[in-house]
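A.B. asks: Below is the structure I would like to discuss, written out as structure tokens.
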């Protein structure tokens, strides 16, 4: 519909109204009518001319210019910008560093950015996420020289460019873009992974640049429009290619026996499309390339037989382990020593394993026996010959097969006789276990007869005679108090070797006697119950001898000779009775009765000679 026709229709439509209005206004002049008509024409023509101009602008190239201008204005005014303030706020939101250079990762995906900008301060970035934005060009990455990973998938990129500053880039993701040619990647010397899925790659020339990417190991070309089988020649020239994805391309249908062919031609390939390339698959593919399907079938059977043999061997090994465990368990239940495994028994025999412990045990035994004989020679220099006895003991231990039992049997008399200083070495003498046991029994019997053999060498020690008599005389005073008056003392039955080294003066003897009397009341029951009663069960004859060797008569004679000792005894008896209470009164009365009876007998006998008095004193101390 043309503008002139519309103007005529508009004029025709307005003329009747004007005539009517003129009829209504018959009183108005013709000049007024013309002016009103002109005004209405101007008002009617104005909008039509503007609409015509707008229609002309919409036609042709001017229409595209208007659209691009409007898009630029909307993008500049309405779209989000990658400003410094926005980046700082984003770092704070993701709890990153406020200082830009300290950040190594920046998450800018799903933000709607249309360009890369204001990243000059982020010099330490190693990973940059720009996924799912509206970016149309790769730019402004000069400051990111440390970048390792760049994710630009799902954007509006049409070309690969401006990647020269990224000399350390390892992974580049350009999937879901509009890229038609792979280019400008040879400037990345360490590029390892390239993802180009869902792009516009079609021919061999589009991927020819991959020949220059010598370090590329992972390549994803899935869901493109590659259809020429010659792309395999380009992929063969990549020496480090390990992972390849060609799914979604027409070329997979154009290559016969696609998987076998690609596996054979790409020698280093370990993963193709959606699954790995196993050694068995590669061997079968190579067999197919040599002899067809028959060779492939034969190779597959060989691999299956080897795998089956491996499984059966493992099962047999498990069964063998189980059987050996059961045998060892049965032997252990029977009390037998379980035999070692066949491999261990072939390499090292049980005799060879037992030799080192046997030698070590023998050495220890010899050292122990030698030390014991040295100690014996030091104590008894008049009995040499320890070396000969050592040789005898060594020969005996060599002949005995059961070492632990012999050691246990030989250690028993040693412990039994270790209570005596002089008899500890004597237990190790002899040529057999029976001799040592006999010596131990003799020592036990002599222990109750000679009660104080250990105190023969006490002269060099710093122990007073009063303390010595306290230790040795307490049980004897208790026995004296427990004896009856009509007991017959046997003075010549047991000599006392302790008195050989005691002083013979009356003062020293009396002091020892009364020192014993002072301490006898305090420990009257303990020695009787703990020492003499257990020994009475083992050696009843010796107990009677000990009891009979304590006559009261010499004690009373000495008391008559020295009045001072009598006074001390009188003072000690009340003190003991007062301290011990009523429990000690019977002993005091017994001593008083004995004193009276023995005083009467001493008057009848008369005063003895000094020699007899000394002998009586020795027997009285017993």
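The backbone N, Cα and C atoms fix where each Cβ goes, and this holds for glycine too.
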A.B. asks: Which one of 326-360, 361-395 shows up in Swiss-Prot as region 'Disordered'?
C.D. replies: 326-360
A.B. asks: Counting only residues 6 or more past its boundaries, what in the same chain has a CB within less than 8 Å of a CB in the repeat 'LRR 2' (124-145)?
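C.D. replies: Answer is 79, 101-118, 151-163, 165-168, 173.
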A.B. asks: With DSSP helix as H/G/I and strand as E/B, how many residues of the compositional bias 'Basic and acidic residues' (326-336) fall in helix, strand and coil?
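C.D. replies: Counting residues per DSSP class in the compositional bias 'Basic and acidic residues' (326-336), I get 9 helix, 0 strand, 2 coil.
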A.B. asks: Near the repeat 'LRR 4' (168-189), which same-chain residues lie under 8 Å Cβ to Cβ, leaving out any that are not at least 6 residues past its ends?
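C.D. replies: Tertiary neighbours of the repeat 'LRR 4' (168-189) are 131, 145-161, 195-202, 205-210, 212-213, 215, 220.
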A.B. asks: Report, as numbers and ranges, every residue of the chain located at least six residues beyond the compositional bias 'Basic and acidic residues' (326-336) whose Cβ falls under 8 Å of a Cβ in that stretch; write 'none' if there are none.
C.D. replies: none
